[in-house]
């Protein structure tokens with residue numbers, strides 16, 4: 001009788017490479033690597049998995065699906081965990097889990113393995129998502145079970161013919177996709193240490209950024225960015241292009257001490273140039289086009305959605321319901337913003353929309369004013385009536 005098939009979420013790094021060598025004793029390991037826009041050498045990763053002992057190796061290009069079905073709902077909801085973090089890693093985990101489950105069904109695998117440790121958020125995100133999609137699948141986490149130190153991993157790797165990554169002495173732990181780059185560990189673990197320039201990978205230092213501002217126009221249709229400077233492109237290409245444009249101006253650097261799902265605080269360095277520009281630009285079109293009641297209520301749901309995504313509940317009915325509400329609000333979010341990029345700052349300096357609720361004739365203080373100021377007297381009387389009655393009844 002043959003071995004059981006196992007799907008491994010494979011990154012090409014030391015942890016998951018060692019996992020192949022360890023797991024192949026008991027399983028037929030099928031390595032699956034998802035391209036979410038991190039810019040890795042995917043051909044090398046594919047071949048490396050086979051060299052170590054995987055029976056099959058797959059590279060899945062999911063950039064477009066990731067952008068359309070995971071990043072876009074987060075953008076439209078201005079999803080920022082603790083009002084600071086655009087959920088870079090948290091957004092990619094659900095689609096990775098989804099593809100792992102699909103590959104398990106396609107290949108007849110009964111088990112899924114991931115390379116997360118026992119103290120991070122991602123173990124929860126993967127396992128909760130997999131359970132939501134197929135509760136019958138078994139999930140194992142070799143790195144969490146081993147509790148090995150890096151030196152022990154290296155010893156095992158050398159003894160079992162696992163190639164040692166060239167950047168193994170890099171003190172940082174980095175995760176990247178098209179929505180941004182996350183960095184932790186090393187000197188960053190002390191929150192008093194300023195992040196050194198070497199900790200950044202996709203943004204220039206604002207001090208070294210160009211001395212001249214750059215202006216770009218971003219066009220939205222139904223809340224989705226569709227063009228930069230009138231050049232239409234797919235959402236994934238637009239985000240990747242904007243990462244380069246805004247990154248060279250030092251935009252999107254975030255230094256955040258966050259509350260992890262597992263109960264500890266963690267200091268993270270994020271680089272999210274495209275995300276920060278798009279979030280600012282999208283909000284400005286909403287400010288033009290949404291009625292006041294939606295503008296005031298939507299942020300409440302945005303905060304809740306940010307927490308749900310961060311806390312591993314992408315496939316929760318609550319998440320689905322909030323995303324549906326947000327999608328309904330986006331029907332009128334059409335227009336163009338002009339964004340000034342300059343030394344770490346992305347400032348929206350102009351905006352227009354065919355659905356704009358801004359009426360210059362109502363807002364102006366010039367002779368063109370069409371606002372009926374005489375109506376203010378009755379409005380104030382009725383608006384303030386509850387306050388007036390309360391004051392009369394409860395004097396002092």
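Cβ atoms are placed via backbone N, Cα and C, with glycine included.
Secondary structure at residue 9 (ATP binding site), as computed by DSSP, is strand. According to Swiss-Prot, the feature ATP binding site maps to 9, 10, 11, 12, 13, 14, 15, 16, 17, 115.
Annotation source Swiss-Prot lists L-citrulline binding site at 85, 121, 125, 173, 258, 270, citing sequence analysis. DSSP assigns residue 270 (L-citrulline binding site) to a strand segment in the three-state reduction. Less than 8 angstroms from the CB of residue 270 (L-citrulline binding site) sit 85, 86, 88, 180, 181, 182, 183, 252, 253, 254, 256, each of them six or more residues away in the same chain.
Feature annotation from Swiss-Prot assigns L-aspartate binding site to 117, 121, 122; the stated evidence is sequence analysis. Cβ neighbour count for residue 121 (L-citrulline binding site) (all protein chains, 10 Å cutoff from its Cβ): 19.
In this structure, the binding-site residues under consideration are 11, 17, and the one with the smallest number of other Cβ atoms within 10 Å of its Cβ is 11. What surrounds the L-aspartate site, by Cβ distance within 8 Å of the Cβ centroid and not counting 117, 121, 122, is the set 116, 119, 120, 123, 124, 125, 262 from the same chain. Taking the binding-site residues 15, 122, 258 in turn and counting surrounding C-beta atoms within 10 angstroms, the largest count is reached at 122.
Residue 117 (L-aspartate binding site) counts 14 other C-beta atoms within 10 Å of its own C-beta, drawing on all protein chains shown. Here the Cα atom of residue 13 (ATP binding site) is found 11 Å from that of residue 173 (L-citrulline binding site). Here the C-alpha separation of residue 9 (ATP binding site) and residue 122 (L-aspartate binding site) works out to 12 Å.
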